[in-house]
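Engineer: Pulled these from TrEMBL:
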- A:9-30: transmembrane segment (TRANSMEM)
- A:95-301: domain 'ABC transmembrane type-1' (DOMAIN)
- A:99-122: transmembrane segment (TRANSMEM)
- A:134-159: transmembrane segment (TRANSMEM)
- A:179-198: transmembrane segment (TRANSMEM)
- A:240-262: transmembrane segment (TRANSMEM)
- A:282-304: transmembrane segment (TRANSMEM)
Amino acid sequence: MLKFLTHRVLLMIPTLIGVSIIVFLMLQIVPGDPVDSIVPVDASKEVRAQITEQLGLNHPLYIQYVDWLMRSLHGDFGQSIVRQLSVNALLFPALLNTLILALGAGIFAFVISLVIGVYSAYKPKSWLASIGNLIGLTGISIPNFWAALILIGIFSVLFGWLPPIGMKSSVNGGSFADVFYHIIMPAVAAGMTTLGVMTRMVRSAVFDLLHQDFVQTLQAKGLKPFRILLHVLKNATPNLLTVAGLQLGYLIGGSVLVETVFAWPGIGQLIYQSVSQRDYPIIQAGVLIVSVIFILLNLIVDLLHSIIDPRVRGS
Amino acid sequence: MRSKKIRCVALLIMIMSLFIFTGCGTNSLGSSSSTSQTLVIGMSASNIPTTDVSPSEGYEGWRFVGFQLYEGLTKWNLTQSDQPAEVEPGLATSWEVSKSDPTLWTFHLRKGVVFHDQTPFNADAVIFNLNRVHNSKSKYFNPTLAGGLSTSLKYIKDYKKIDEDTVQIKTKEPYSSLPYDLTQVVFASPTAIKKYGKDYQEHPAGTGPFKFKSITKGQELVLEKNEDYWGNVPKLKQLVLLPMPDASTRLAALKSGDINWAEVPPSEAIKQLKKDHYQVLENEYPHNWAYVLNLNEKPWNDKRVRQAANYAINREGLSKALLNGAATPATQVDYPGSTWYSDDAIQYKYDPKKAKELLKEAGYPKGFKTTFMVPTSGSGNMWPIEMNEYIQKNLKAVGINVTIEAVEWQTLLNQYLSGFPKDNSVGAINISLPTNTPMIFDRYFSTRSKFPNGSNIGGYSNPKVDQYIQKATGTFDTAQRDKEVQQAAKLIAEDAPWIFVAHDLNLRVLAPDVQGFVQPQSWFADLTTVSINQQNK
Amino acid sequence: MLNESELTNPSLLSNEIKEDSLLKKVWLEFYKNRIAFIALIVLGIVVLSCLLAPLIAPFGPLDGEITDRLLPLGSTGHILGTDEQGRDMLTRVLYGGRLSLYAGFLPVVISIVIGGALGVIAGYFGRILNTIIMRTLDIFYSFPAILLAIGISAALGQGINNIVISISIIFIPPVARVAESAVKGVREEEFIEAAKSSGAQSISIIRYHVIKNIFAKVFVYGTTQISISLVLASGLSFLGLGVSPPTPEWGIMLNNLKGQIFINPLVTIIPGLFIFITALTINLVADGLRDALEINS
């Protein structure tokens with residue numbers, strides 16, 4: 001197990017270096033001098049030079065990269081250019097908010113997909129299975145930002161039941177109930193794709209397993225259907241886990257559109273805003289952190305996978 | 001087959017509703033924001049303005065953060081809605097210009113004023129702050145702030161402390177607009193700056209009616225009333241500022257009760273909001289929603305082309321049909337009723353025929369292509385995308401094919417501050433500019449303010465205009481000054497360095513229980529008189 | 001260049017005949033799948049009407065009177081209402097679909113060509129080349145797709161073609177993976193061995209044997225990517241990274257109208273509805289195609 005772990009972690013290192021290089025270089029393509037975005041016209045040459053130096057932009061590219069990487073490794077992502085605040089102070093609260101949303105969306109999608117997926121695998125001709133079909137297809141086809149607008153249209157505009165924006169009430173907000181109340185629509189919208197993918201996945205995985213020999217043996221042995229289901233689920237777990245882990249990763253990195261529509265103060269929205277403001281330090285740190293989380297999540301999934309199914313370790 | 005499908009859909013909706021209902025029992029919508037004296041403002045900015053003495057996010061940053069936390073020697077009088085706002089004493093109770101030397105100003109400071117951290121305000125504090133933004137050799141010099149304030153500090157040459165309650169400021173030339181400039185040279189507690197250094201932003205301390213309480217980065221800024229304020233102590237207990245760049249989001253938040261003050265909601269909503277007893281406020285003020293044209297390059301270097309563009313725009317259609325009356329047509333820098341409005345200036349009526357003729361005369365019988373850089377939201381930009389699409393169509397009708405390049409507000413502002421791109425890739429920048437002081441004529445239109453020496457980024461130059469402006473800034477006779485500025489305004493309208501489009505009416509909507517606010521003829525807002533009526537609840 | 005000796009290769013000939021009939025069989029199977037077939041027809045109608053927009057649209061895409069703005073659904077002359085500038089929604093949707101479909105299909109084609117090539121090279125030549133190519137592509141897997149797309153689009157600037165490029169970049173690694181594993185699968189098969197021993201060049205082996213054998217897999221994978229590409233592209237456009245006004249495109253139309261959700265919700269959702277319907281039918285067709293292929297293999 002330890003060997004497997006070391007092997008996987010070692011493999012991660014070149015990937016991480018690659019990611020950091022891409023993140024760093026991506027912004028070098030962006031046209032325009034970042035100094036322009038802070039220094040007004042009237043500023044003197046000295047002021048310009050001072051700021052250029054402050055940002056370390058006077059050094060060659062590779063030094064800038066190593067410099068940036070070293071500072072990042074120490075957890076120092078520098079100052080936001082536009083907001084003039086430390087990147088950490090902006091990034092980590094936003095990251096937490098995104099994790100909350102991703103978790104909400106994940107729970108919504110996983111629970112429903114599991115129930116419907118399993119049921120429709122058992123009774124493929126039932127009407128619930130047709131709904132499962134519909135959900136699966138809708139989920140993978142619907143643009144989540146559009147789903148978000150429809151939800152707002154129905155539950156905020158038409159009925160006035162749910163708050164259309166934000167994560168908490170502006171005054172005295174922030175209690176669990178308050179956040180829960182605000183998260184419902186964003187979670188449903190963001191979780192839509194995952195719901196679709198997972199429903200299809202669960203259904204086909206369980207369906208395949210149900211038609212395998214061991215299930216028939218178990219049935220012949222006279223096991224109760226519920227116990228059989230547990231066996232089936234146990235066998236389906238490794239695959240489902242992999243997909244679920246990946247999906248959680250997508251939810252963390254991919255809810256930028258939903259965050260934008262609902263004004264959810266998450267990392268996707270932060271990165272997107274920073275992109276339009278050319279706020280390089282935030283973009284770099286944000287994309288880097290999300291990618292690292294993404295990679296770690298994959299690692300965790302692999303580890304869990306190998307614990308449940310030791311055969312994986314060999315490969 | 002079909003009924004089965006319908007049943008499926010119905011069930012799907014039921015399941016979803018169930019999921020949602022389970023969450024509903026725990027809370028009731030709205031109402032929360034009105035408890036206690038808390039005003040929650042949905043700003044059009046996409047970021048929380050910075051809290052130092054030169055706030056970001058343009059004038060909206062000044063409106064809600066800068067002028068709430070800080071004050072300068074002078075300040076705007078925002079208590080009247082029936083006349084343009086004027087400058088009044090702030091942290092200086094009075095000032096005079098030396099008879100023998102018109103560049104020498106003496107300011108008598110207000111006594112007994114303390115910063116939010118209880119540091120006393122005095123001449124030393126004034127000098128410390130001026131050094132911080134104007135003296136690159138001083139220990140606490142901050143280049144970013146200095147940059148941000150450079151236009152306000154432009155004509156200040158020197159300054160010194162006379163005694164504890166008196167300072168002297170020397171201007172580079174006789175310059176009567178100094179009191180206007182000084183509204184934006186605001187003062188922060190020297191103790192706080194020294195103590196917190198780089199982290200000052202998180203512990204700002206000024207002398208303004210509100211003081212900093214807390215900030216949730218990227219989400220909200222909370223200010224609370226300054227009990228020790230020397231003027232009218234605010235009735236509100238708290239002020240919560242939320243960045244909401246999307247007009248529909250602000251409307252949504254207002255309707256759900258999450259905010260009780262919404263800046264520029266979609267104008268379509270005005271009718272419904274009025275019906276629902278919201279307070280829909282509008283007033284004229286010195287503001288111009290315009291295109292600053294690049295006069296350095298073809299085709300906008302030709303006056304006839306610029307006039308053609310001005311004739312091509314259907315301002316009535318824009319103000320009335322598109323914006324539901326939330327703007328008035330602009331054909332020169334200021335609005336009728338403003339001190340600097342010229343009565344006999346050229347009037348740009350909607351006249352596409354004349355526009356085409358002018359273009360033909362200028363050598364563009366088939367029109368031309370150009371690119372306008374426009375903001376997507378932000379301070380005073382109203383509803384920029386819709387308005388730009390409308391104008392794009394107006395211009396196309398006379399042969400001017402405009403490509404709209406929409407960028408985020410702060411990005412646009414930065415582009416504006418760094419001038420037109422050298423490659424003539426941008427023909428005009430659409431930006432909302434304040435026209436609230438006589439000095440803006442110097443700033444936007446005089447030859448000496450040509451980029452990179454100032455904000456005249458289009459490169460407009462007219463010696464006659466320069467003369468009027470020079471006379472205006474040099475004279476200390478207010479009536480004389482206004483007359484000179486009007487003369488300049490007339491010539492500027494004729495030369496059309498901008499495409500004048502609209503004057504904003506500062507549309508904002510307040511919840512029914514917000515009282516005491518006066519919508520002034522100014523971009524800025526005095527929040528000390530505002531309170532929340534709790535009886536209506 | 002055609003290699004004469006290859007033509008006489010019996011395995012190749014029989015292979016070709018098999019494939020011809022395979023196509024027919026797949027089609028028959030697909031035809032039997034009622035839902036997929038209907039989806040194909042709906043998709044065909046949507047695509048065709050968008051392509052033929054200039055002929056069938058009732059107005060010009062930029063025409064409209066500001067006084068007619070935001071007319072509701074079912075207004076006279078404007079079945080789908082009008083947008084915030086008073087332009088006919090139906091017309092805008094039809095014209096807008098052209099760019100949306102363009103941004104949906106093109107990245108898939110590009111990524112199949114480039115990703116397929118990379119995968120084939122990596123899979124066929126193996127060893128170091130494989131490691132270099134596949135590990136490099138792995139790096140791109142570490143970014144959440146939309147974030148990477150936003151980053152690339154932002155770096156390249158606004159524009160529908162930049163969206164196409166950024167989505168293509170995202171799609172290349174998975175296509176390469178599919179192609180690589182498929183190539184690995186066929187590499188050791190007899191007919192390749194036979195070709196190798198008969199002295200054929202690598203390039204022609206790839207051309208005549210490998211590509212043919214992996215095409216189905218990559219193609220099926222590609223069809224499932226189209227709807228993702230469409231949704232992703234309209235999402236980027238929704239964020240304002242795509243076309244600039246007044247050009248219609250579904251994503252940006254939805255964005256421009258979203259402010260009206262509180263005033264005229266039904267008109268607001270129309271552009272999104274078209275994205276949804278198109279993506280849905282593409283997915284149904286892709287599903288049907290996959291099933292049909294599976295049955296036949």
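Positions of Cβ are set from backbone N, Cα and C atoms, glycine also.
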Engineer: Is it true that the transmembrane segment (A:99-122) and the transmembrane segment (A:179-198) have 3 or more Cβ pairs under 8 Å, skipping pairs fewer than 6 apart in sequence?
Structural biologist: yes
Engineer: Hey, which bits of the same chain come close to the transmembrane segment (A:179-198), Cβ under 8 Å, at least six residues off its ends?
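Structural biologist: Same-chain contacts beyond the ends: 100-102, 104-110, 112-114, 117, 135-142, 144-145, 147-148, 151-152, 155-156, 162-164, 166-169, 173, 240, 243-244, 247, 250-251, 254-255, 258-259, 261-262, 264.
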Engineer: Looking only at residues six or more beyond either end of the transmembrane segment (A:282-304), which have a C-beta under 8 A from one in the stretch?
Structural biologist: 4-5, 8-9, 12, 15-16, 19-20, 23-24, 26-27, 68, 72, 77-78, 80, 87-88, 90-91, 95, 241-242, 244-246, 248-249, 252-253, 267, 270-271, 274-275, 312
Engineer: How about long-range neighbours of the transmembrane segment (A:240-262): same chain, 6 or more residues beyond its ends, C-beta under 8 Å?
Structural biologist: 98-99, 101-102, 105-106, 109-110, 143-145, 148-149, 152, 164-166, 185-186, 189-191, 193-194, 197-198, 201-202, 205, 268-269, 271-272, 290-291, 293-294, 297-298, 300-301, 304-305, 308
Engineer: Residues sitting near the transmembrane segment (A:9-30): Cβ under 8 Å, six or more positions beyond its termini, same chain?
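Structural biologist: Result: 61, 64-65, 68-69, 72, 278, 280, 283-284, 287-288, 291-292, 295, 299.
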